[in-house]
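Notes follow the structure.
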């Protein structure tokens, strides 16, 4: 199994039985497409609309979209960012992405929102990622962020992208690894983790809900 972590403390890992096995996923190439492609990245933008009380819609453009919706955990969280200057960094999906009838070029994400004001570093921060394979630390690499408070989604995407490009985490076919996860440690040393592989009956819109809580971490502690 593949484990990535930024931590230096002894923390409880997920039980192997909790992790999904890549060999059981019927359409694993669809997760490859999520992390091989470019993320949605926008800076200093404001929401213009909502479809439901827990989402926000932005008039921003990318290669395949002119409107973007982010779905958050609840109305309270969306209210924190509504009409505020924010930065967005997320993994997008298009199938089952609903905004409004006249939005033909659209994209959707979960979470991926941070406040813009006062949240940028003068010098980007390098974060060390340690990778263990079958319980043995095998390699390490740096990822970079320019944010003080950064979403777990941004860090997760950058880690998976690196591992896909360099270590065959995801391919347009079977993965090199049977199980794997990424573990994060917050400022108060609380941990949470994301499974690298989805349930056997995988679809993108369901899997990306791992980012709905919009978890953020203080990059200065990494």
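Residue numbers in this text run from 1 along the chain shown.
Keep in mind that glycine also has a Cβ here, set from the backbone N, Cα and C atoms.
Noted in TrEMBL for the protein shown:
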| type | residues | note |
| --- | --- | --- |
| DISULFID | 97-108 | disulfide bond |
| DOMAIN | 30-115 | domain 'Staphylococcal/Streptococcal toxin OB-fold' |
| DOMAIN | 125-220 | domain 'Staphylococcal/Streptococcal toxin beta-grasp' |
Original post:
How do the residues of the domain 'Staphylococcal/Streptococcal toxin OB-fold' (30-115) split into helix, strand and coil according to DSSP?
Top reply: 14 helix, 30 strand, 42 coil
Original post:
Got a sec? Which of these disulfide-bonded residues, 97, 108, has the most Cβ atoms within 10 Å?
Top reply: 108
Subject >> Summary of DSSP states over the domain 'Staphylococcal/Streptococcal toxin beta-grasp' (125-220), given as helix, strand and coil counts >> reply: 26 helix, 40 strand, 30 coil
